[in-house]
């Protein structure tokens, strides 16, 4: 099993670029930078895309330009065009249930109230069996404050932790293609930015 599509979830536009909800896009942006493969807007895929080679495999990068709750439109368009199965997709997203400085990989599961994941599951024919990179952003402590929290910018101290976790996640993603998922997961799950 190889990953053929790596997606970073986000809301479009400058006003959202630095918000916690865009952590997935920060990850894909970093990966594109590390692999010297600048993202370019591609209208038919409703997002910014790039093609990279990882471990000898052709992999597409995607940051949708739809709003978060319509992310599935971009993912489904690209998956359908390149005949990519759900289990060949890695979706990077912000995760309330993990603290800043931590990132974890998992396959399948629910959407945990995340509107981007919810739409992707729906547009992939109600198939939740894609890989996720969960990037910890922490939780405001009160579920009524979640919307304001994810659409807010993290303080500098938290941003530093999130950036370090994303950096490690990028290294581990590259490792996945050379050394396998188990090794990459073990390394990433042992990491916690200080």
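Each residue, glycine too, has its Cβ placed from N, Cα and C.
What Swiss-Prot says about this one:
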SITE      11  site 'Discriminates between blocked and unblocked aminoacyl-tRNA'
BINDING   16, 67, 69, 115  tRNA binding site
ACT_SITE  21  active site, proton acceptor
SITE      94  site 'Stabilizes the basic form of H active site to accept a proton'
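Structure with Swiss-Prot features highlighted.
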| residue | record | DSSP (3 states) |
| --- | --- | --- |
| 11 | site 'Discriminates between blocked and unblocked aminoacyl-tRNA' | coil |
| 16 | tRNA binding site | coil |
| 21 | active site, proton acceptor | helix |
| 67 | tRNA binding site | coil |
| 94 | site 'Stabilizes the basic form of H active site to accept a proton' | strand |
| 115 | tRNA binding site | helix |
Out of the recorded positions 11, 69, 115, the residue with the smallest number of other Cβ atoms within 10 Å is 69
Rounded Cα distance in angstrom between residue 94 (site 'Stabilizes the basic form of H active site to accept a proton') and residue 21 (active site, proton acceptor) is 6
Neighbours of the residue listed as 'active site, proton acceptor' among recorded positions 11, 67, 69 (C-alpha cutoff 10 angstroms), in sequence order, are 11
One should report the C-alpha separation between residue 69 (tRNA binding site) and residue 11 (site 'Discriminates between blocked and unblocked aminoacyl-tRNA'), rounded to whole angstrom, as 9
For residue 67 (tRNA binding site), the number of neighbouring Cβ atoms whose distance to its own Cβ is within 10 Å equals 16
